[in-house]
Amino acid sequence: MKIHEKYIKRCIELAKNGLGTTYPNPLVGSVIVYKDKIIGEGWHKKSGEPHAEVNAVNSVKDKSLLNKATIYVSLEPCSHFGKTPPCCDLIIKNKIPNVVIGTVDPNIKVAGNGIKKLIEAGIHVTVGILEEECHELNKRFFTFHEKKRPYIILKWAESQDGFIAPNEKLEKKPVWITNTYSRQLVHKWRTEEQAILVGTQTVIDDNPKLDARDWYGNNPIRVVLDQNNRIPKDNHILDNQVKTILFSRFEMAVEKENSIFETIDFEKNVAQQVIQSLYKHNIQSVIIEGGRQTIQTFIDANLWDEARIFIGKVQFKNGIKAPNLVNKQFEKHLIGADELIISRNHD
Ligand code: AOF
Ligand code: ZN
C-alpha cells in the first residue's frame, strides 16, 4: 500500500473511536510521522474537547521532531475559532512542514480555508488521500452540511414471509422477530446516531424506552410523531430522562425541560417538515425504527440514506406487511440465525 494511504487509513481507524460521542462535530483522526514511523496519534473525542491534531501533537514525546515530520489528518484542519482554537495555527506554530489530508471539511466556516492558510504559511499540503473512505467515515456530518438535513437510517425487522407484525398482537406485548444478537446490535446502533424516531402507534403499543441499555454509550435524542397528542402522560417517552422532541398537530400546553413540542401540518409532506425541524435542532443523524406507516412515510418522500432490515426465522402467514423498498439487495450479513440486509439510497 502506498505510504500516504497507509497513514490515512490509520487516521480513519483512530477517528472511529469517537463514533456517537463527537456530535455535532465530525469523526477525525490524526497521525504524525517521522522517517516512516508514527511518533504521535490522536482522535477527536467530544465536541468542546481538543481536535484530533491537538491530541496527536500532544502525544509526541520528542517535540523537536515536529519540524521534520508529516501530519496526516482524515479531515482538513480547521481554520476558525469554534469551541477550540484553529488546528492550522497549531501546525504552523510547531513548524510541521508537511500536511496530508483525507478530505476537505464541508463546514462553511472551514471549507478550503484551512488548506489555504497552510499553503500561505509555506507548508506542503497534499489533499484527497482515500477521499471516498474519509467521506464515508463522516457520512452524517457531510449530509448535514451539504444537504442541510440529518443522515437518515431506516431500521425494521420482518418475518420470513415479509410481515413486521402478526395480525393480532398477543396480549399487546411486542412480538420478537429477531434474536438477542440482533437486538443488541440495534442498541449499539442507537449509541451511534444522534436521534431515534418512531410513530405514536409504536409508542402506545410497546411503551418503548428507545435507549441503548444493552450497549455502552450515549442514549439518542428521542423523536416521536404524535399527530393527535395521544401518548399517555405516564409513558416512558415523557419521563424527561432524555431530550425528546414530539411532533403534533396542536400546541401542547405542558412543557417539560427535556420534552420539546413542535407543531407541523399533517396534511402536507410530514417527512420533509420533520427533517427540516431536526436540522434546525442541529441533529446530524436519525435512526427511524417504526412502525410501518412512519417508515413508509420517509420512503415515499425519498428521505432516507440507508435501510437496515433484519429478516428473522419466524413465519406470520399474515399481518402488517413490511415497508416497501424497491431495491433491498445490497449487502447481506448473518447475525446469528437472522439475516441482515443493508441497502443504500443512491439518489
Ligand atoms: C479539525 N480537527 O478533530 C475536528 C474538526 O467548535 P470546534 O472548535 O470544536 O470546531 C468544530 C468544527 O471544527 C467542526 O464543525 C468541523 O468543521 C471542525 N472539526 N476539525 O481540524 C478535528 N473535529
Ligand atoms: Zn481543528
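Residue 1 is the first one shown; counting continues down the chain.
Positions of Cβ are set from backbone N, Cα and C atoms, glycine also.
Just so it is clear, the model here is predicted, and its values are computed rather than measured.
What TrEMBL records for Glu53 is active site, proton donor. In the three-state DSSP reading, Glu53 (active site, proton donor) counts as helix.
Sequence-distant neighbours of Cys87 (Zn(2+) binding site) (same chain, six or more apart, CB under 8 Å from its CB) are His51, Ala52, Glu53, Val54, Val73, Pro77, Cys78, Gly114, listed in sequence order. According to TrEMBL, the feature Zn(2+) binding site maps to His51, Cys78, Cys87.
Per TrEMBL, NADP(+) binding site is recorded for Ala157, Trp176, Thr202. Within the same chain, residues at least 6 positions away in sequence whose Cβ sits under 8 Å from that of Ala157 (NADP(+) binding site) are Ile164, Ile177, Thr178, Ser182, Ile309, Phe310, Ile311, Gly312, Asp338.
What TrEMBL lists as substrate binding site is Arg190, Asp206, Leu210, Arg213, Glu289. DSSP assigns Leu210 (substrate binding site) to coil in the three-state reduction, placing it in neither a helix nor a strand.
Residues or ranges marked as domain 'CMP/dCMP-type deaminase' by TrEMBL: 2-126.
Residue environment of Glu53 (active site, proton donor) contains 29 other Cβ atoms, counted within 10 Å of its Cβ in all protein chains. Trp176 (NADP(+) binding site) falls outside any helix or strand according to DSSP and counts as coil.
Surrounding the centroid of the Cβ atoms of Arg190, Asp206, Leu210, Arg213, Glu289, where the record places substrate, the chain contributes additional residues within 8 Å, namely Val186, His187, Ile196, Val198, Pro208, Lys209, Asp211, Ala212. In terms of DSSP secondary structure, the domain 'CMP/dCMP-type deaminase' (2-126) contains 45 helix, 28 strand, 52 coil.
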